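If you look up Swiss-Prot, you'll see 69, 89, 442, 503 marked as N-linked glycosylation site. Under the heading signal peptide, Swiss-Prot lists 1-18. As annotated by Swiss-Prot, topological domain 'Cytoplasmic' applies to 555-654. What Swiss-Prot lists as transmembrane segment is 534-554, and the listing cites sequence analysis.
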C-alpha cells in the first residue's frame with residue numbers, strides 16, 4: 001500500500017508540473033513575445049516569382065498592447081537584404097486612413113515590396129519603399145484589418161496614445177531598431193493620424209522617464225492627405241472646373257454651386273466663432289459638395305460600369321453610385337490572398353480574423369468630435385521636423401488644389417505660406433518629368449503627375465524617390481530638381497497592377513527571407529519543441545499506466561479502501577486531477593471615401609470618402625465626452641472598399 005501511495009504521489013507531481021495541457025496553455029500565452037514568433041518565411045509564390053536576393057526579410061503578427069482589453073495591433077515589417085548605407089538605420093511606419101482602413105492596402109498595392117497577381121501569388125514591386133529603409137505597415141486603430149480589441153477609439157488623441165504604446169512594444173521586440181531614424185508615412189485620413197502621432201512622439205521626448213531613450217523622428221510623408229477639412233472641402237468645385245469635369249453650362253451647375261455656397265458659409269462662420277475649424281474633422285454639409293458633383297455628372301447613357309467619375313482618379317470611370325469604390329483593380333486579388341488560411345498562418349496570426357479592407361465599426365466609433373483637425377498641429381511640428389506633402393494630380397477627394405490653398409493660409413516659421421520668391425522646381429526622376437516641387441522652412445509640397453489618390457500604386461518607382469526628396473537626396477540646377485532613377489538591366493514600367501506583370505525570377509527556397517542566424521534559431525527552437533513533446537507523450541503514457549494500475553487494484557480488493565465513520569457513510573474523496581478546475585475567463589461623404597465601409601453598388605448613398613463616419617452612423621459614443629472609448633459590438637470586421645469610404649456616403653482612402 002505504501003509503495004502504491006508513493007507512486008501515486010509521483011504521478012500527481014508529474015501531472016501538476018508536466019501537464020501537457022498546462023504546458024500548451026503556457027506556450028500559447030507566451031506566443032508573440034519573442035522576435036522569432038513573428039518571422040515570415042513562406043508565402044504563395046515567394047520562391048516561385050522572386051529571386052532569392054530580392055526576397056525581403058519579413059516579420060508579421062499581432063502585437064499585444066493591452067492584455068486587460070485584449071488589444072493587439074497587427075504589423076508587417078519588410079527589410080531589404082541589400083540595404084544601401086543611407087537606408088541602414090531608418091524605419092518607415094506606414095498607415096492607411098479610413099478611419100478603419102487596413103494598411104495592407106499600402107503593403108500589397110502601394111509602398112510594399114509585394115504585389116498580388118491574378119493567381120493570388122506574390123510578385124515583386126520594383127518601386128518598393130523598403131529599399132529606402134525598413135517599412136512597417138500597421139493596422140490601426142484596433143478593429144482595423146487584422147488588429148483587434150474589445151474597445152474602439154473615438155478621438156484622435158486616443159490614436160496618438162495607443163500608437164505610442166505600439167511603438168514601445170515594437171521596440172521591445174526589435175531593440176536593434178530603437179535608435180533608428182523614424183519616418184511616419186501614409187495617405188488620406190492618415191493626414192489626421194500622422195500629425196497627432198508625431199505630436200505625441202515629440203512630447204514624449206521632452207519628458208522621458210528614467211531609462212527611456214528618445215525616438216528619433218526625422219520626418220513625415222503624407223500622400224493626398226485629409227489634413228484641413230475647410231480648405232479641402234472648398235476645393236472640390238474649383239478642381240472640377242479646372243479639370244474640365246464641370247462648367248457653368250452644365251444642367252447640374254446650379255445644384256453644385258448651391259451646395260458649395262452652403263459649405264462656404266459654414267467655413268466663413270467657423271473663422272468667426274472657431275466652431276467648425278477647431279472642432280470638426282468632417283462636416284456633413286461640406287461632404288455633400290463632392291456628392292453633388294458626382295451625382296450631377298452621372299452619364300446614364302454610358303454602360304453600367306462607366307456611368308460615374310472615379311473620385312480617386314478622374315480619368316477613370318466606375319459604376320454609379322460606387323464612383324471609385326471598385327478601384328483599384330488589385331483589391332480583389334488582395335482580398336482573396338489575405339483571407340487564405342495559408343497566408344494567415346504564415347503571417348503568424350494568433351487570432352485569425354477574416355480580413356476586410358475597411359471596418360464599418362471603427363468608422364462609426366471614430367467620430368473625432370472633440371479633436372481639432374491635424375492642420376492645427378502643423379506650425380509646432382514644422383519647428384522640429386521635416387514634413388513632405390505629396391499629391392497625385394488626378395485625385396478629386398484629396399486634391400492638390402486644396403493642399404496648396406491650405407499652405408497659403410498656414411502660418412509657420414515666422415510667416416504665412418511659401419515666400420513669394422520661393423521657386424517652383426520641375427521634378428525629374430531619371431529622364432521622366434514626374435511633377436513639381438516647392439520647399440521652404442521644413443515644408444515640402446510635391447505635385448505628382450499622372451497619379452491618383454494612391455500615388456505609389458500608379459507610380460511605384462517615382463513614389464519611392466519621395467523619400468529621397470524628404471531627406472534632401474537630390475540635385476538642383478536651372479530650376480530643375482533631379483532624383484536618381486533605380487539602375488536596372490531591364491526596362492521597368494511603373495505599372496499600377498501586379499496582375500499585369502509576370503516576374504520570371506529564379507526559384508529560391510521558401511525560407512530565403514531569413515538570415516542564417518534566424519534560421520538556426522528557428523531550427524533550435526523546433527528541436528527543443530520536439531523534445532518537449534516527447535517528454536509530454538512519455539508523461540501521458542506513465543499517467544495512463546498508473547491510473548490503470550490503481551483502478552485494477554481497486555477492482556481486485558474485496559472491501560473498500562476507504563474507512564467509514566460510525567454513521568456508515570463513506571468520506572467524499574476525489575482524485576486531485578478529477579476535482580473541478582476553475583475555468584479561465586475566455587481569454588458624409590468623406591466618411592464613405594475615407595472609410596469605404598460597405599461596397600454598395602446599386603443604391604445611391606452620400607459619398608463617404610474614407611475620411612470619417614457617415615450620416616447614418618450611431619452617435620451614441622460621443623455623448624459621454626472625449627474620454628469615452630467605443631465598445632466592440634461584433635467579433636467580425638467588415639470590409640468597406642479599397643479607398644476607405646463608408647458605404648453610407650461615398651468617397652476615399654488607402
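Backbone N, Cα and C atoms are what each Cβ position is placed from, and that goes for glycine too.
Features per Swiss-Prot, on structure.
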residue	record	DSSP (3 states)
69	N-linked glycosylation site	helix
89	N-linked glycosylation site	coil
442	N-linked glycosylation site	coil
I'm checking region-level scores; what's the whole-number mean pLDDT for the topological domain 'Cytoplasmic' (555-654)? 42
Measuring Cα to Cα, how many angstrom lie between residue 442 (N-linked glycosylation site) and residue 89 (N-linked glycosylation site)? 22
Sorry to bug you, but what's the C-alpha spacing from residue 69 (N-linked glycosylation site) to residue 89 (N-linked glycosylation site), rounded to the closest Å? 34
Count the Cβ atoms, other than its own, that fall within 10 Å of the Cβ of residue 89 (N-linked glycosylation site), considering every protein chain shown. 15
Given a 10 Å Cβ-Cβ cut-off, pick out the one of the glycosylation sites 69, 442 that has the most other Cβ atoms nearby. 442
